[in-house]
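J.: Sequence annotations record features per position, and here TrEMBL assigns domain 'Response regulatory' to 23-136. Taken from TrEMBL, the feature 4-aspartylphosphate covers D72.
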Amino acid sequence: MTDLSEYQFAPKPTADRPLLGQTILVVEDSRHAGEAMRLMCMKGGARIRRADCLKSASRHLVSYRPTVVIVDLGLPDGSGLGLIRQLATTTPRLAVILAVSGDPGLEQSAMDAGADGFVAKPFGTVAAFHAAILHLLPPEIRPNGPRPVMNTEVHPDQSALRGDFALISHLLDPDADEATLGYALGFARSLGRLVGDTELADAANQLERTLENRGAYRSDLSHLAAIAQNRVGAAGKVAIRG
């Protein structure tokens, strides 16, 4: 059961800042996705922290009591499903546990693990992202009345996007082990969906098929790594409208 006493002295949400009073922990390995969520949460008035892996999330949760935790399911040190299971059994219960993923097929697994909701990447508008959180909050702490639809854009820092592409290129070492390659493919596919880069996502899918069929994969791996490396220099602003 959620303990509502902690909201007694929290700022009250308003129509234009519907997340005012919420403290949010985002557990997300992608710098670009994390920055996008940070900007969208801040536009709603929330306070936010980010952890980039399960270990970092655990450290935050020792001393930080968020009202909302947003968990990406593909993290470098394991699946976010385990963290969701842990949070779902914590007493008092967090107000909202929201799962996010670049793989829409993982929604049922997230819900089975104890998530309250699921958002597939790309996130859509700022207003839609806010709504995904707001409709899961207890009625007592939701903003009342109609809210204006934000006709704004968030622009995640292009250095964050370059960092994500550079990470993919770094992970795609021909001598990388199976776990590292699996993580790199999931990361590349998710980033491709987030920014609308179908060439990147398609190349990740092709490499995954080759690996599953135990085929000669180095050509596909080099192709995906080259795409990611080319994007490092070409990365620009990717707008998420709200």
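Each Cβ is built from the backbone N, Cα and C atoms, and glycine gets one as well.
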J.: Could you pull the average pLDDT for the domain 'Response regulatory' (23-136)?
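T.: Here the predicted model's pLDDT, averaged over the domain 'Response regulatory' (23-136), is 96.
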J.: For D72 (4-aspartylphosphate), just give me the three-state DSSP call.
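T.: Going by the DSSP assignment, D72 (4-aspartylphosphate) falls within a strand, counted as strand.
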J.: Under DSSP, the domain 'Response regulatory' (23-136) has how many residues in helix, strand and coil?
T.: 51 helix, 30 strand, 33 coil
J.: Sorted by position, what residues of the same chain at least six away from D72 (4-aspartylphosphate) have a C-beta under 8 A from it?
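T.: In sequence order, the residues whose Cβ lies under 8 Å from that of D72 (4-aspartylphosphate) (at least 6 apart) are V27, E28, D29, S30, A33, G80, A99, V100, S101, S190.
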